Amino acid sequence: MCCNIYSLFDTANAFLGDFIARHPIRHIFASVCFLIVLSLQLINMDIEYDIRASFSPLNSKSMREASIYKEFFNLSTSPQRAFMLFKAKDGGTMLRETHLREVLQLDSELDSTLSLRDGKTGMRGCDPLCNLNRPFHLIAQNLINNSSSSSSFLKLDHPFSYYFGSPLFVGSNLFGVVTDKHDISTKNIDKNQNSKNSQIYVRTIILWYFSRADTKQNIKQLRNVTLNLFEESQRGKRFKYVQFQIFGDEIANREMIRGAIQATILMSIGLLLLLIFVSFVVYQKMSNLVKIPAIGLIVLISILCPLLSTVAAFGFSTWLGNRIYTLMCVTPFLIAGVGVDDAFIMLQSWQQHRDIKSLKQRLSKVLVHIGPSITITSLTNTTAFGIGYFTPAPTMSLFCLCTSIGVLVDYILTFTLLAPVLVLLSTHFPTTKQTSTLLPPQQPENNEKPLIALIPQQLPLNPQTCSKAFQYAKFIHSTRGRFSAFLLAIILYIVGTSGVLRFKSTFEPSKAFPSDSPLAHSLDSVGDVFDEFFPLCILVNRPPNLTDPEEYSSFNKMVAELEGLPESWGPNRTLLFLRPYEEFDKKNTHFWQSLGLGPKGKYKFSLDNLPFFMNSIGNPPTVKYEKNGNGSIQLKSFQFSIVNKGMTEWWNRAVMEEKVRIILEKYEKNFNASMYDADSPVLNMLLTVKIDLIGSIAVTVVCMVLICSLFIAHPAGVCVIGICISSICFTLVGTLSWCGADLDPITMVDVLLATGFSVDYTAHIAHQYYTKQGSSIERIAQSLDEMCPPMLQAGISTALCMVPLVFLPTYAIVAFAKTIFVVVSIGLLHGLFFLPVLLCALPESKTEKTIKLRNSTKMSPKSSKMLFNSKEPNTNNGILIIGEREEI
């Protein structure tokens with residue numbers, strides 16, 4: 001049954017070659033029309049520049065949390081962020097009048113831009129969170145006006161100061177604070193400048209900004225002002241006393257685009273290197289077959305096939321309604337590096353069958369010879385990238401989708417564009433040494449061979465080449481070769497295992513833009529802030545009945561569990577309005593009771609004073625309430641924040657937020673509370689990336705093995721391929737860890753694409769090995785002689801495209817380039833050494849023994865050996881292909 005399937009596939013390839021050779025121009029025309037249809041939607045291409053949107057999964061818990069957050073603050077889209085950090089140039093405290101004035105000047109400039117009202121909605125760009133920095137404004141104005149850290153109005157402390165006797169949380173604006181007098185004296189502070197404010201030392205001031213992103217005007221305003229300030233911060237000449245850094249979503253987007261442009265420029269150099277290499281290879285293969293102008297056209301088509309496939313893939317993806325992300329700039333060059341592999345294999349086979357004068361028969365034999373190999377690799381690459389489409393991060397998902405489509409289209413163009421071009425050029429531009437005809441020589445009708453008889457036989461080998469392949473095959477088959485493979489495998493697995501064990505899950509936005517960007521230094525400074533202060537927003541959509549002691553106690557229990565987390569600072573820094581309000585309500589009740597006007601008895605919690613209290617603190621948008629018809633106050637929803645520490649590492653943030661979710665889910669029926677962090681979509685992926693990676697690799701390897709089993713009839717050979725693919729993936733992951741990669745969504749996608757590439761270095765040799773006869777040494781020698789050159793050329797061409805990327809300081813793209821280099825190296829090692837050793841070590845099947853015995857009766861050992869050294873050409877080199885075994 002299996003033989004019938006493989007014979008049917010050979011028949012189909014033979015028929016396809018015959019059909020293409022008869023109608024080459026029609027196939028070229030059809031290919032052009034096919035590409036045009038797929039590419040038409042490019043006019044509607046929408047490029048996504050938002051770095052957060054690039055890494056935010058569309059369907060996740062974090063997206064649900066974001067929807068609740070937007071509904072709470074009446075937002076149609078997620079807001080954009082910006083923050084500025086200020087430090088004294090002399091290293092002294094920031095609470096000096098000259099320094100505070102410069103900070104307020106820059107704050108006023110940014111705040112005035114964000115406070116502009118939209119012409120249509122009438123809302124300010126910063127609504128509803130325009131007063132995020134109000135605590136700093138109060139203490140700064142007081143210090144400037146009173147020139148003292150303590151006055152009748154303000155008692156300065158950290159994390160809470162007291163303004164008119166009320167607690168004022170300044171822990172969100174002041175960092176690197178020292179309140180001990182002895183420690184202050186050790187700081188580098190000008191005594192004259194600090195004499196008036198010597199009770200507290202502040203190293204850093206950070207100001208936070210919020211901007212609506214529901215209109216283009218708001219986005220443009222934030223982009224312009226933050227980019228201008230970003231440029232000024234690099235010059236460092238804006239202020240005399242203060243140096244500042246600024247971070248914003250629009251700045252990150254601009255830097256990510258800059259990294260993509262740098263990558264495109266460098267990969268264009270890689271494409272030029274690829275063009276030179278392809279020209280050299282094609283000239284080497286085709287110089288004796290076609291004239292020089294035709295060689296140039298073959299080189300052009302070999303490069304254009306993958307590039308046009310990329311254009312078609314982008315167009316088809318746009319037709320599906322997807323956006324194009326900036327990190328996908330590597331897609332054309334990746335497909336170019338991979339796509340020329342099929343061209344190398346086709347040209348190698350075309351050269352090997354050059355003695356066949358009939359181009360129709362030659363193309364049929366070429367397609368039967370290489371059809372299974374390039375079909376296996378193309379299908380496996382398409383499948384591997386297709387599995388990568390299910391990666392949560394949109395930019396990685398769409399990158400995999402476009403690459404998968406591009407590889408598939410390139411596979412089609414290899415048959416419908418490159419093959420007919422070869423036929424036409426061989427017909428019209430043959431060399432004087434090579435004369436070809438499109439149609440076979442006329443034969444008597446009764447002797448005309450059926451189409452299936454066009455299945456090619458092997459051509460004679462160059463004696464020197466054959467001798468080298470045979471000597472290498474003997475080494476592989478020897479005990480010394482097997483021991484060398486075993487020893488090398490042990491070394492690889494030690495390196496791989498140690499690398500896998502040291503892998504850590506983490507991610508940072510800086511991985512998406514160049515590391516030499518000044519923005520990276522800003523993120524380092526922000527990391528220091530997050531180590532001391534990281535607020536986590538909690539939204540309570542079903543507030544407790546505060547007059548019910550049991551329900552209020554249950555709510556306080558939930559808050560206490562959140563404050564009890566190891567990452568939390570505890571209740572002394574929790575920003576929950578109910579606590580100061582309860583104190584206010586108690587004092588108010590006791591005051592009226594002292595006058596004999598209030599309710600007598602034990603204090604009972606009441607919301608009657610809530611409107612007055614909220615008005616006194618500026619009616620923040622974080623508390624929503626309404627007055628009922630009977631005059632009572634009903635709390636509708638509110639937001640509070642748990643302040644955490646040690647959140648510089650994103651993995652720590654991810655773990656902490658998952659703990660918070662577990663607590664909130666426990667009380668979901670009671671209070672319907674949810675958390676919000678603008679970066680939580682990425683943080684969610686960190687928690688599952690290890691399991692996702694293992695699962696994706698397992699599914700991909702299984703798919704690779706199943707595809708190989710369709711073209712390789714020997715179960716043992718398929719198992720060997722599966723072992724090699726798994727080995728490549730394992731050692732790849734470990735090696736990437738030693739190369740500085742982290743376990744993140746970027747690495748996961750890189751490993752998935754490498755899994756697809758790993759088949760390229762295993763399937764070719766295995767397929768050729770099982771389509772030949774003779775001893776295992778003879779078969780492996782013939783297989784290596786045929787497939788080793790195109791495999792090496794494919795590896796070199798793929799690596800050449802990536803070489804310039806090592807000079808690019810963008811983690812995401814450099815990690816991609818490292819993956820290519822590692823998988824090419826490990827893949828070639830497995831394909832040209834480990835795989836042949838395993839194949840030769842397998843016991844022969846009964847069928848192989850029978851055929852070998854039958855051949856031995858027809859051929860003496862001496863004549864068999866001569867086939868590998870004879871200078872006289874023969875039609876099959878003593879090695880018959882499947883079609884010949886069945887006497888087709």
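Every residue gets a Cβ built from N, Cα and C, even glycine.
Curation does not apply to TrEMBL; its annotations are automatic.
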Which range of 116-140, 366-390, 591-615, 641-665 is transmembrane segment, per TrEMBL: 366-390
Interface-richest range of 263-283, 366-390, 483-501, 720-739, 820-842 toward the transmembrane segment (791-814), CB pairs under 8 Å: 263-283
Outside the transmembrane segment (693-713), six or more residues from its ends: residues with CB under 8 Å to it: 2-3, 5-6, 9, 372, 375-376, 379-380, 383-384, 387-388, 390-391, 719, 721-722, 725-726, 729, 733, 743, 747-748, 751-752, 755-756, 758-759, 763, 766-767, 770
Annotated stretches the transmembrane segment (324-345) and the transmembrane segment (483-501) touching (3 or more Cβ pairs under 8 Å): no
Candidate ranges 295-318, 366-390, 396-425, 720-739, 820-842 - greatest C-beta contact count to the transmembrane segment (483-501) (under 8 angstroms): 720-739
Tertiary contacts of the transmembrane segment (295-318), as residues 6+ beyond its ends and Cβ separation under 8 Å: 34-35, 38-42, 44-46, 271, 274-275, 278-279, 282-283, 286-287, 324, 331-332, 335-340, 343, 347, 398, 401-407, 409-410, 413-414, 417-418, 421-422, 425
Distant-in-sequence neighbours of the transmembrane segment (720-739), which means Cβ under 8 A and at least six residues beyond its ends: 489, 492-493, 495-500, 502-503, 693, 697, 701, 704-705, 708, 712, 747, 750-751, 754-755, 758-759, 761-763, 766, 815, 818-819, 822-823, 826-827, 830-831, 834-835, 838-839, 842
Within the predicted model, mean pLDDT of the domain 'SSD' (263-424): 87
